[in-house]
Amino acid sequence: MPAVKKPQILVVRNQVIFPYNGFELDVGRERSKKLIKALKNLKTKRLVLVTQKNSDQLNPEFDDIYHCGTLCDIDEIIEVPSEDGKTADYKIKGKGLQRVAITSFSDADLTKYDHHFLNSTLTENKALDKLLERIFPDKEDFAEILDSLNSFLELQELKKLSKVPKDIKRYDIITFKLASLIFKDITLQQAILEENDIEKRLQKIIGSGIEDLGHISEEARAKQRESEFDKIDNRITRKVNEQLSRQQRDFYLREKLRVIREEIGMTSKKEDEVSNIRKKLEENPYPEHIKKRILSELDHFENSSSSSQESTLTKTYIDTLMNLPWWQESKDNADVKNLIKILNKNHSGLDKVKERVVEYLAVQLRTKKLKGPIMCLVGPPGVGKSSLAKSIAEALNKCFVKVSLGGVHDESEIRGHRKTYLGSMPGRILKGMVRAKVINPLFLLDEIDKMTSSNQGYPSGALLEVLDPELNNKFSDNYVEEDYDLSKVMFVATANYIEDIPEALLDRMEVIELTSYTEQEKLQITKSHLVKRCLDDAEIKTDDLKFTDEGISYIIKFYTREAGVRQLERLIQQIVRKYIVNLQKTGEQQVVVDVDLVKKYLKKEIFDYTVRDEDALPGIVNGMAYTPTGGDLLPIEVTHVAGKGDLILTGNLKQTMRESASVALGYVKANAQSFNINPNLFKKVDINIHVPGGGIPKDGPSAGAALVTAIISSLTGKKVDPKIAMTGEITLRGKVMTIGGVKEKTISAYRGGVRTIFMPEKNERYLDEVPKDIVKDLEIILVKEYKDIYNKIFN
């Protein structure tokens, strides 16, 4: 069998460990910490604890320690941060087992020592019982002796010893317990530990002064204690009365308790907290009015009961004032070149947006003033509004704080609750400032268009004070009740729909619109950012899993339908997960993600995009739709049958598009002869206008020109080339009005096979947003009136 190692020796200071006694020790010396660190890995954790004679000795040798210690079981080892913060200290908990005599000791190796165990000796139980009677008169059995110990020393844990048998161990337990509780002097404690004879040990305890208790009756002893307590109480009362005149009873009791603590040299947790707060106020440049307010609240806190609700509320309020940044300021990076570099690194595409952001910030960086309007980024979900704000904060070296305003309907969420209310707290603005810890962060107000109003106030009204540069230097929060300067905060707001932003707020903001990403932009974002991030998260090398451009484009076209790239990223993650599973099964490490693998991993396509018809038919014309996720072709079908001149609209058309259809028909009727249509025909036929995709609601006026063309084509039987598409609102006088979403509509039409596009002349200024490689392959015809379209198509 392998030899069992001796327990190592741990030298302790200012404490003697007795058998049968539990203990806690803080371990901070380097040699001791190495010992405890090694002990953590052992199954049986035992140490021999010996006390050093001089507590100031850092590295005690054999002559510097007492040669009698205690073998102990170590039950718990707790790692705690050290004062230097570099290495960990330890706290150990355990229980003494048996006394040990050390006869030699090696400072180099704590396991090299000679020892033998010490056993207590018992001469006669009766003599010991008599000695115990001197301490505990009139007690018939051991349980009553322990009850007396409890009564005298107020230690309930001794009750569990009442079942210990009447033998040597019984007297060991009593004497060592008494010695640990009564003696504070290390020398006296060590003398008790080294004494083998239980009778002599007990006599030493009696000789310390506790024997006086054995010569007086229970009644006399009670009177003596009462007399001593009276003297102390009278002295305390006298002191309290000097300080009090006419105060309430609870204040009297608290003051009395404070004096008692002074008498016994004990400070409370509250006193420590108050002392720390006063120290911080002295050391830091808090504004004078804030110092005055904190000191006033501190007086209330000191004079309130620690268990009272008032004390908790006051302390929370003080902490809020202390934690708000009043003077702390980070140093901004005013380098515009660095701003451009960071924006280009973190965001593909968005060239117009980045240009506007740089222009907006360049002036503020030059003047070092934030007096201009607040930047508001508006766009569909997932196009990078929040990440753009983060990049701005990174480039300017500003702390980034985000507060989501979606669903906020209570003004108190912005301005805070009055601190007299139960559960009151500051508003989201000042909570964000507490998190920022500086007075000049970049503060993102996310989803500002999602706030609602209720009978609890108007949150948008509270935000006016926050966002107005002329007012926010004295922002008032109901909870703090002190003016707070927000003038150095750079606020950036985000929204999905500009029409949902309250007009008063919109007036204070510089709106920068982020449109949906094109397929080419999504491809670049995926290659530059998404794939790398997904592979890094899964700890996969880029050489092991390669994504082809064709594979990524296939995912974009047939598995996503979104303005941003969130769903696209989720699909990339799904492919990565399937790759890892396949790697575990087959061991195939290097894989190329092409179209075939995308189909295998993601199964059948989820979406499709509209493609033009191959054959031309009367009454069918390609419109162009602008959707929240981009754009698409909008085929319009018109047919006429014998009837009474009714207009039938199908395809889930909303109000605006229904009106546009009525206007289109009215224009055709008014100009029927110009279009070679018999005016009497309208009384004899019903015209049915249908837009395929009945499950999708369709709205907007931009299909007017296409509706007119489809009606003329149906009534005249003339076909329209399917390679043609058009967009533009029509008026009753035939003018083609400007529309929105030029970039998205043009890209989707090109994707669908269209090569000629009619659009309003006033939309020419938006064509520079369309990728040049698409524009060069298209014939874009700009028109003012519908007759320009008619002449090109039908003549």
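Positions of Cβ are set from backbone N, Cα and C atoms, glycine also.
Listed in Swiss-Prot for this protein:
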DOMAIN    7-213  domain 'Lon N-terminal'
BINDING   Gly379, Pro380, Pro381, Gly382, Val383, Gly384, Lys385, Ser386  ATP binding site
DOMAIN    615-795  domain 'Lon proteolytic'
ACT_SITE  Ser702  active site
ACT_SITE  Lys745  active site
Report summary line: Of the binding-site residues listed (Gly379, Pro381, Gly382, Gly384), the greatest number of other CB atoms within 10 A surrounds the CB of Gly379
Requested in this report: With a 10 Å radius around each C-beta, find which of these recorded positions (Ser386, Ser702) has the fewest other C-beta atoms nearby.
Outcome: Ser386
Requested in this report: Would you kindly give the Cα-Cα distance separating Ser702 (active site) and Val383 (ATP binding site), rounded to the nearest Å?
Outcome: 24
Query raised in the report: Between Gly384 (ATP binding site) and Lys745 (active site), what is the CA-CA distance rounded to a whole number of Å?
Result: 21
Report task. Determine the Cβ neighbour count for Pro380 (ATP binding site): the number of other Cβ atoms within 10 Å of its Cβ. Result -> 19
Query - Number of Cβ atoms other than its own within 10 Å, given for Lys745 (active site) - result: 29
**Report entry** Neighbourhood of Lys385 (ATP binding site) by C-beta distance under 8 A, where only residues 6 or more apart in the same chain count
**Finding:** Leu377, Val378, Gly379, Thr494, Leu514
Report summary line: Cα of Gly382 (ATP binding site) to Cα of Ser702 (active site), in Å and rounded, measures 26
Report summary line: Here the Cα-Cα span from Ser386 (ATP binding site) to Ser702 (active site), rounded to a whole number of angstrom, reaches 31
Query - Additional residues surrounding ATP, by Cβ distance to the Gly379, Pro380, Pro381, Gly382, Val383, Gly384, Lys385, Ser386 centre under 8 Å - result: Leu377, Thr494, Asn496, Leu514, Ala563, Gly564
